[in-house]
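Notes follow once the structure below has been shown.
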Amino acid sequence: MNQRELPDKMEEECGVFGIFSPDNDQIGSLTYLGLLALQHRGQESAGISVVQGDTITGHKDMGLAAWVFKDYDPASLTGSVSVGHVRYSTSGDSCVENAQPLEAHCKLGSLVIAHNGNLINADIIRSLLEDGGVLFQTSSDSEVLMSMIARGASKGFEKAVVDAISAVKGSYALIISLDNKLIGVRDPYGIRPLCIGKSGDSWFLSSESCALDAVDAEFVRDVEPGEIVVIDENGLNSISHDKNNNLTTCVFEYIYFARPDSVIDGIDVYDLRSKCGEALYKEYPVDADVVVGVPDSGIPAALGYSQASGIPYAQGFIKNRYVGRTFISPTQEIREKAVSLKLNAVRSLVKDKKVLLIDDSIVRGTTSRRMVRKLRQAGAKEVHIGIVSPPVSDPCYFGIDTPNREDLIANKMSNAEICDSIGADSLQYLSLEGLLTALGRKDGFCLGCLNGIYPISTR
Ligand code: AMP
């Protein structure tokens, strides 16, 4: 259904990772490695909770995982079930109270939850629960879910989880520890990714398969849309809570968000991005001397374009990997300088050349504008832009930070106006058809940010 009239809202991006492994004194360290591998999914806070019987030991704080665990050894977190989370919120409630995992004690003992996604009816449920006297300690929608699971605990873990999940609407990839089990849940549309891994007797759940590689676990399979998997000493048991499930993976996971070395719902992210570069060449052959990718997410597509066209690929931008997030700088002038510090053009590769600059997407237009300026300052003769996705014209309500409608440049300008605004000689986007062909199937994706059609109604 068309949801163009929905209110605009900033959302959260997160990564979740969990382990079931009794008698494994490495559980805290392995979870930490998993979070490091998922760091691209959220840089604002990180946390790990480990459960042993009724005891939860955990540590979380604001910042990158390496910073959060700088003075706290993750190896000291021991138990049989672990849950980890990295978070990036953009909605203003950036505080340690909202950092995850969330921990509680209920009738079934310890309860830990980590959530990636966005619940669109959490406010209504929260208000009903508050009317009934429930107190909340955070403003996060995930606490609403936790409270509902805790309320249902006397019915047993399975019913408690199924009932809570049935009441919420939105996107969720959840990792829960309840009743000393590790539980993974994916919403009925599978909007956010979640996969299962195994190594010896240990089981893993992760937002992306790249984190399974980081801990040497074997990829078993993706959690299916609407599926609840329960892992304990008897192995993995699957409960499907919604028979009408319908895979609708977020297309932006493939375009930008996921790491290229991950495989999500059977699609290899690197391969897809490279194919998008090839497809863009077929749709948009540019007369250029070099193809340059915007680090990091534009690079596989730039290589794909280069291979298809025969135009040499050049590493036209060097990324300084030692500076973190830059937009916290207090003044615009310092912010601009910080961007220059982070990405710099290689003069010898672009000077006097016709450059085709490839990026995965344009959201506000800020990155493209800066990159064009940098290439011109470095002496590029012409700068053409190729974007390997269709225009981002609509906001995301399900967990990707594609912001307010009025901030989306494609919502207010034509392609020619965008090209003009970012100062490029030409601009071309990959068509939706081209993207879907590269993805290998026409159905099974949430394309809301590209066409305003969302899988879930908020009414
Ligand atoms: P913008 O600069 O606002 O046009 O955003 C586009 C650039 O940011 C591209 O280089 C993307 O790789 C990257 N990007 C796209 N979507 C997001 C997002 N949700 N959060 C952070 N960066 C993004």
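Quick reminder: no glycine exception, Cβ is built from N, Cα and C everywhere.
TrEMBL: automatically predicted annotations, no manual curation.
For C14 (active site, nucleophile), the number of other Cβ atoms no farther than 10 Å from its own Cβ, over all displayed protein chains, is 26. Under the DSSP three-state reduction, C14 (active site, nucleophile) is assigned to strand. Residues annotated as active site, nucleophile in TrEMBL: C14.
Under a cutoff of 8 A between CB atoms, and with a sequence separation of 6+ in the same chain, the neighbours of C446 ([4Fe-4S] cluster binding site) are Y189, I191, T248, T249, C250, V251, F398, Y454, P455. According to TrEMBL, the feature [4Fe-4S] cluster binding site maps to C250, C396, C446, C449.
Look at D359 (Mg(2+) binding site): DSSP puts it in a strand. The feature Mg(2+) binding site is assigned by TrEMBL to S297, D359, D360.
Annotation source TrEMBL lists domain 'Glutamine amidotransferase type-2' at 14-234.
Taken from TrEMBL, the feature domain 'Rhodanese' applies to 351-393. Counting residues 6+ beyond its ends, the domain 'Rhodanese' (351-393) has Cβ neighbours under 8 Å at 251-252, 255-256, 273, 276-277, 279-280, 284, 286-294, 297-298, 301-302, 305, 311, 316-317, 339-340, 343-345, 402-403, 407-411, 415, 418-419, 421-432, 435, 449-452 in the same chain.
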S297, D360, C446: which of these binding-site residues put a Cβ within less than 6 Å of any ligand 1 atom?
S297, D360
Going by DSSP, give the three-state secondary structure for C250 ([4Fe-4S] cluster binding site).
strand
Does DSSP put C446 ([4Fe-4S] cluster binding site) in a helix, in a strand, or in coil?
strand
Hey, how far is C396 ([4Fe-4S] cluster binding site) from C14 (active site, nucleophile), Cα to Cα, in Å?
14
